[in-house]
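See below for the structure under consideration.
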Amino acid sequence: MFHRIEEALEDLKKGKVVIVCDDENRENEGDFIALAEYITPETINFMITHGRGLVCVPITEGYAERLQLEPMVSHNTDSHHTAFTVSIDHVSTTTGISAHERATTIQELLNPASKGADFNRPGHIFPLIAKEGGVLRRAGHTEAAVDLAKLCGAEPAGVICEIINEDGTMARVPDLIECAKQFDIKMITIEDLIAYRRHHETLVTREAEITLPTDFGTFHAIGYSNSLDTKEHIALVKGDISTGEPVLVRVHSECLTGDVFGSHRCDCGPQLHAALAQIEREGKGVLLYMRQEGRGIGLLNKLRAYKLQEEGFDTVEANEKLGFPADLRDYGIGAQILKDLGLQSLRLLTNNPRKIAGLQGYDLEVVERVPLQMPAKEENKSYLQTKVNKLGHLLNL
């Protein structure tokens, strides 16, 4: 059904188009992807004729800074936080919409002599800024395109177009398979691209290891840094986790208010304590404490979100009101830490199916979801209900 990453890279180097699919629990779609360095009017025409989606150009932040490409909006409320810049046309184009002129704009975007003033705004080419770290940081088509370009040794920019069926519906995997067969195109998944990069790259470093006695038992604590940002994470390991058997794991995102101050607004503190106690009882397991405060928006923004909740917004609406998606967490670094610990098969302590999908995308097998439900308090009943209704959490309330 799917091709190897190496096969896709060979075709991309020849100027061909490939199809890249993401996870069914994310956008669940496929995009045509080509290298921007080799773009032609013919490739653009193929994409708009058979893809029917929006033609975008994933680039690095360096390109955006050099060409003064500002964000399209000041508050991005897109559910996947896709980083659109202002759209552009090269000044040499007329309307900018033809396949030839769109190709010209893309070619000039890559021209090292180009300046911001060489592009009209708005236009018909939509640059997207890829996250530093690529698909290991964000498992999206934007990052996949830039990663593929880098792996090909080309300029770090791609051209992508969503694939839509003739009836206007989004093409899903069965449709994409037929499309790939019809046009003899290689088809890969972002999950496989992540696995390929993980096999060839390491982004986390063990910095310190100690014995940590706690109220719940004694753990082996390992501190990690990573090359994507300045955040430091810690793994608390219990027992021998090198046997190859599935290991009980809790991936816990930092919550200062709940973990330290015992806030009743959430169930984070009780979940943390219950997870440590359960790992201690089993005599083997890992609690990975990730510095992703407030589902990734940070402490101060979490407090601002709490203020909005006091005004009647729920937890998802509050995030969106502040310009954030409902959940900004990524699992790439956490997955690398778990892999560094030698884990392959997990029994995951979680109520969040998205966390399962997030980790499985990084070559970790979740063989069992172990529920971690805490008794609801009067102050967090509404919060927990929103997690069920809008975030898909598996709770019995």
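Every residue, even glycine, has its Cβ placed from backbone N, Cα and C.
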Record-annotated GTP site (Swiss-Prot): member among Q271, Q336, Q344 besides R250, V251, H252, S253, E254, E293, G294, R295, T315, T350, K355: Q271
Residue from H124, C255, C266, D327, R329 whose C-alpha is spatially nearest that of D31 (D-ribulose 5-phosphate binding site), among the recorded positions: H124
Those residues of the chain, 6+ apart, with a Cβ under 8 Å from that of H124 (site 'Essential for DHBP synthase activity'): V55, S87, D89, T95, G96, I97, E101, R102, T105
Site of maximum Cβ density within 10 Å, from recorded positions H141, R329: H141
Proximal residue to C268 (Zn(2+) binding site) among recorded positions H141, E162, R329 (C-alpha distance): R329
Rounded inter-Cα distance in Å - R329 (active site, nucleophile), A139 (D-ribulose 5-phosphate binding site): 11
D31, E162, D327 as recorded positions, winner by CB count within 10 A: D31
Additional residues around Zn(2+), ordered along the sequence, whose Cβ is within 8 Å of the centroid of C255, C266, C268: T257, G258, D259, S263, R265, D267, G269, Q271, L272
